[in-house]
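Annotated domain 'Aminoglycoside phosphotransferase' per TrEMBL: 35-136, 152-230, in sequence order. Summarising the annotation, TrEMBL assigns active site, proton acceptor to D165. Sequence annotations record features per position, and here TrEMBL assigns Mg(2+) binding site to N170, D184.
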Amino acid sequence: MTIPTEPATIPEIATQLAAGRPILPVWDNEIGGHTFQLGAGRGREFVKVSAPHPAIDLRAEAEKLTWAGRYATVPAVLAVNTDGPLHWLHTAGIPGDSAVVPRWIDDPEPAVRAIGSGLRALHDLLPVGDCPYSWSVADRIARVANPDGLSEHPPIDHLVVCHGDACAPNTLLDDDGNWCGHVDFGELGVADRWADLAVASWSLEWNYGGGWDATFFEAYGVPADPDRMSYYRRLWDSED
């Protein structure tokens, strides 16, 4: 995902849902999806829009948000529509700002610690036994166009309900730099925790530069596992 750098075309659904409030483009993804903030402050809302695409299922994401919201702080689903040429998901805002706003880009250490401790908190909060969704290696490989080299995977270390895209931009921090929630749960499902840890730690390099792994893993509470990290990063890359 990237922060938009050019003026965005505002879709009609965003204008309708904003009902006169200001509209701010906040995220673009690699396959043509866009997220807009509607309004500001505590009452802000968001709408994610996308043309139909096999890699985006906004109705499934709405269901996962509703499930996860029973246990953790996630955006509440206000409405979802997957009919017609533009699919959209309308959610309430939750407190906090992305871990990649300029403040935290300039001062990464508190953000990195919060990303690690926040991911651990999310893994501890979401109950594996009650989760109806899977993000297993087998399920993911089945969707990969070229699975060469992925069939031999590390044994499972510890099953959790993974976020599915636990990168820095999807982690929200409060004004003091503490974790306060996550967004973008489209891939949520049960998997080895290293499926999340590998990508979360990788995203630190993308957003803050290198050298943050030790801080991240200390905050999460486990030592780095290079073999599992390498495998799950290759699996992640194969899904692009």
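Note: Cβ is positioned from N, Cα and C throughout, glycine not excepted.
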Next on the checklist: Taking 10 A as the limit, how many CB atoms besides its own sit near the CB of D184 (Mg(2+) binding site)?
Outcome noted: 23
Next on the checklist: Averaging the per-residue pLDDT over the domain 'Aminoglycoside phosphotransferase' (35-136), what integer do you get?
Outcome noted: 96
Checklist outcome for this item: Its residues classified by DSSP, the domain 'Aminoglycoside phosphotransferase' (35-136) shows 40 helix, 26 strand, 36 coil
Checklist outcome for this item: Secondary structure of the domain 'Aminoglycoside phosphotransferase' (152-230) by DSSP, residue by residue, totals 32 helix, 15 strand, 32 coil
Next on the checklist: What's the number of neighbouring CB atoms sitting within 10 A of the CB on N170 (Mg(2+) binding site)?
Outcome noted: 22
